[in-house]
Amino acid sequence: SCIKHGDFCDGDKDDCQCCRDNGFCSCSGIFGLKWNCRCDVGTT
């Protein structure tokens, strides 16, 4: 099952299994820590 745009995703994975082809996992973070990871879509 894919993750809808705006839903939480696993920040440890480059591919967040978004439903959109250009989807990726966008996280807030600092010093290697990640949080508030959600599926976002790129401009490509």
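Cβ atoms are placed via backbone N, Cα and C, with glycine included.
Keep in mind the model is a prediction, meaning the values are calculated, not measured.
Long-range neighbours of C19 (disulfide bond) (same chain, six or more residues apart, CB within less than 8 Å of its CB): C2, I3, K4, H5, C39. Here Swiss-Prot flags C2-C19 (among others) as disulfide bond, drawing on a curator's inference.
Per Swiss-Prot, the feature disulfide bond maps to C9-C25 (among others); the stated evidence is a curator's inference.
Summarising the annotation, Swiss-Prot assigns disulfide bond to C18-C39 (among others) and lists a curator's inference as the type of evidence. According to its DSSP assignment, C18 (disulfide bond) is in a strand.
Neighbour density for C27 (disulfide bond): within 10 A of its CB lie 16 other CB atoms from the protein chains shown. Among the features that Swiss-Prot reports, disulfide bond is placed at C27-C37 (among others), with the record citing a curator's inference.
According to its DSSP assignment, C27 (disulfide bond) is in a strand. DSSP assigns C39 (disulfide bond) to a strand segment in the three-state reduction.
Comparing C-alpha positions, C9 (disulfide bond) sits nearest to C37 among the disulfide-bonded residues C18, C27, C37. Across the structure, C27 (disulfide bond) and C18 (disulfide bond) are spaced 14 Å apart at their Cα atoms.
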